[in-house]
Amino acid sequence: MEVSQVTNVMEFEAIAKKKLPKMIYDYFASGAEDEWTLKENRSAFSRILFRPRILIDVSNIDISTTILGFNVSMPIMIAPTGMLKGAHPEGEFAVARAASSASTIMTLSSLGNSSIEEVASTGPGLRFFQLYVYKDRNMVIKLVKRAEKAGYKAIALTVDTPWLGRREADIKNRFNMPPNLTFKNFEGMDIGKFDKTINADSGLAKYYAGFADRSLSWKDIAWLKTITHLPILVKGVITAEDAKIAVQTGAAGIIVSNHGARQLDYVPATIMVLEEVVQAVQGKIPVFLDGGVRRGTDVFKALALGAAGIFVGRPIIWSLAADGEAGVRKALQMLREEFEITMALTGCRSLKEITRKHIAAPWDRAQITPRL
């Protein structure tokens with residue numbers, strides 16, 4: 001298939017798979033262990049059905065919104081994904097430009113192949129910075145201050161990776177960083193080098209274990225708040241219990257995420273736990289979702305369950321690999337158009353008109369199944 005024939009974001013993957021070395025494709029595509037959650041992240045959406053309203057004037061559809069007070073064209077944003085130059089030479093630059101042209105938010109991974117400053121230099125745009133907390137807290141402070149200075153608008157703190165998940169594809173491939181790439185944000189910092197001579201298991205897993213802080217706890221969010229004025233989104237919450245603690249510790253928002261099913265296998269799909277988290281925060285902070293979003297219909301379902309917006313990861317990687325910046329632009333535009341059509345066909349003219357009554361979820365079955 002040619003890029004010109006692509007009609008939905010899922011079709012970029014086959015093109016990307018042909019273009020990318022097996023080790024790189026597997027790194028992006030794979031999940032943890034049995035990959036049950038990887039499949040479930042996607043399939044769970046198919047179990048949520050629509051309850052559309054008809055005979056509503058849908059001549060004008062407005063999908064614009066605000067995220068943490070910033071205006072965006074749509075509630076579809078770009079999740080942090082590491083090593084994007086492994087997908088395409090333009091990597092993070094292409095994604096940043098595509099996000100800016102679509103008037104939406106890009107989240108830069110701290111494990112990117114382009115630095116905080118380099119991505120900021122691509123031009124204007126709303127950007128968040130994804131952060132891991134490292135053993136060396138001075139390094140954390142430096143990264144956060146660099147993000148502030150470069151104009152990033154929020155910190156997305158990843159909290160589900162005290163240990164790296166067991167990704168068997170990477171182990172089989174003895175995954176290591178391609179020799180022409182580096183983690184640019186850490187140049188000149190002493191966090192240990194990515195050992196390209198490792199000859200067993202996953203080089204990334206060994207590298208990550210060398211600098212990640214396995215003692216990370218809730219008190220560190222309070223500490224992070226003392227070193228930055230930027231709002232902190234806690235990324236990796238999937239239970240009501242943790243959602244309530246996130247509110248108490250002063251998080252500005254929550255990203256319901258299972259790390260693209262790359263950490264703990266057999267956790268639920270994010271769409272299945274979204275409503276639990278939304279109900280737990282009681283409207284005090286916004287809740288976002290990532291994981292498995294491939295259609296505009298998925299975006300609508302997430303918003304109907306209470307999400308303020310969604311983040312997409314792999315569709316951005318595959319579209320980038322397939323056609324660089326133009327591919328990412330096309331992916332975002334297709335998701336936008338699908339979402340607009342879904343809005344119109346459910347009878348919603350703006351995001352505030354999307355309600356829980358527009359969908360039927362599996363846990364609603366007792367109420368909606370007709371009696372025989």
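Each residue's number is its place along the chain shown, starting with 1.
Glycine too: its Cβ is placed from the backbone N, Cα and C atoms.
Quantities reported herein were computed from a predicted structural model and do not represent experimental measurements.
As given in TrEMBL:
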ACT_SITE  HIS259  active site, proton acceptor
BINDING   TYR27, TYR132, ARG167, HIS259, ARG262  glyoxylate binding site
BINDING   80-82, SER109, GLN130, THR158, LYS235, SER257, 290-294, 313-314  FMN binding site
DOMAIN    1-364  domain 'FMN hydroxy acid dehydrogenase'
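Distribution of TrEMBL features across the structure.
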residue : record                       : contacts (Cβ under 8 Å, 6+ apart)
TYR27   : glyoxylate binding site      : MET83, GLY86, ARG167, ALA169, ASP170, ASN173, PHE175, LEU204
PRO80   : FMN binding site             : THR107, LEU108, SER109, SER110, PHE128, GLN130, ALA156, THR158, GLY313
GLY82   : FMN binding site             : SER109, SER110, LEU111, GLY112, PHE183
TYR132  : glyoxylate binding site      : SER110, LEU111, THR158, THR161, ALA212
HIS259  : active site, proton acceptor : THR158, ASP160, THR161, GLY165, GLY236
ARG262  : glyoxylate binding site      : SER30, GLY31, ALA32, LEU38, GLY165, ARG167
GLY292  : FMN binding site             : GLU40, ASN41, ARG42, ALA44, PHE45, ALA269, THR270, ILE271, ASP298
ARG294  : FMN binding site             : ASN8, VAL9, MET10, ARG42, PHE45, PRO315
ARG314  : FMN binding site             : GLU13, PHE28, ALA29, THR81, GLY260
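A C-beta separation below 8 Å, combined with a sequence spacing of at least six in one chain, links ASP290 (FMN binding site) to ALA79, LYS235, ILE255, VAL256, SER257, GLY260, THR270, ILE310, PHE311, VAL312, GLY313.
Of all Cβ atoms in the shown protein chains, 24 besides its own fall within 10 Å of the Cβ of GLN130 (FMN binding site). Annotation for the binding-site residues ARG167, LYS235: lowest Cβ count within 10 Å of the residue's own Cβ, ARG167. Residues listed for glyoxylate, TYR27, TYR132, ARG167, HIS259, ARG262, cover a largest CA to CA span of 19 Å. Summarising model confidence by region, the domain 'FMN hydroxy acid dehydrogenase' (1-364) averages a pLDDT of 94.
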